[in-house]
Amino acid sequence: MDRIIEKLDHGWWVVSHEQKLWLPKGELPYGEAANFDLVGQRALQIGEWQGEPVWLIQQQRRHDMGSVRQVIDLDVGLFQLAGRGVQLAEFYRSHKYCGYCGHEMYPSKTEWAMLCSHCRERYYPQIAPCIIVAIRRDDSILLAQHTRHRNGVHTVLAGFVEVGETLEQAVAREVMEESGIKVKNLRYVTSQPWPFPQSLMTAFMAEYDSGDIVIDPKELLEANWYRYDDLPLLPPPGTVARRLIEDTVAMCRAEYE
């Protein structure tokens, strides 16, 4: 699937190593390979954006290596492709040897997979399913400040799905563990690949059922009900959390204005 990049090759360039992304001038490189000193590198086409190929090159650059978070303001489709590249680069880097027999592996020519040359085991990129949920109580939404976000941003609750658990069960468990309340009338909204490092966010809306807020201090700094027209600092646009909050606000406006 990969090939050597030639002088006239062009497109978007995802140059990644150890979950970092090359961002010269703070931007995702776009243009001819020669302009970025990429001729002769091995590259894998991982998609297209607006008719232009998106290439993945697994390489460490001396300067301008940053986080994929820095390009979160890109168009959603291009951000997702950049995230795909970072995740694939880390997958190939971390699967050089078979976890069963220890022998060297090689990339498949037909799909994103690594194959063992000895025991024939096949490995695919790992995806960690997560739930994220906006909880409404009359004209208010439950928002929390997470311990990992000490920048004042308040957001909705989220967490990883556990082994042997449905998405619906994960919502109920995470909400109870983090906030101490029960929810009802769960409704699926959308999903979003989230490369931090390899999550797939499944987004829901729910209604408050019962209970008082009792936070898990290992997860949350604080949580509270906020009226739809008096909200704290929110996650940036383009995130699924922001969409859930805005959808909830729209529902409240329609009902209370």
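Every residue, even glycine, has its Cβ placed from backbone N, Cα and C.
Here is what Swiss-Prot records for this protein:
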- K25, R69, E111, Y124, Q192, P193, W194, P195, F196, P197, Q198, S199, A241: substrate binding site (BINDING)
- C98, C101, C116, C119: Zn(2+) binding site (BINDING)
- A158, E178, E219: divalent metal cation 1 binding site (BINDING)
- E174: divalent metal cation 2 binding site (BINDING)
- E174, E178, E219: divalent metal cation 3 binding site (BINDING)
- 125-248: domain 'Nudix hydrolase' (DOMAIN)
- 159-180: motif 'Nudix box' (MOTIF)
At a 10 Å cut-off from the C-beta of A241 (substrate binding site), count the other C-beta atoms across all protein chains. 25
Apart from C98, C101, C116, C119, which residues in this chain have a Cβ no more than 8 Å from the mean position of the Cβ atoms of those residues at the Zn(2+) site? G99, Y100, G102, H103, M105, S117, H118, R120, E121
Minimum Cβ neighbour count within 10 Å among the binding-site residues Q192, Q198: which residue? Q198
In DSSP terms, the motif 'Nudix box' (159-180) comprises 13 helix, 2 strand, 7 coil
Whole-number answer please: how many Å between the C-alpha atoms of W194 (substrate binding site) and C98 (Zn(2+) binding site)? 26
In three-state DSSP terms, the structure that C119 (Zn(2+) binding site) belongs to: coil
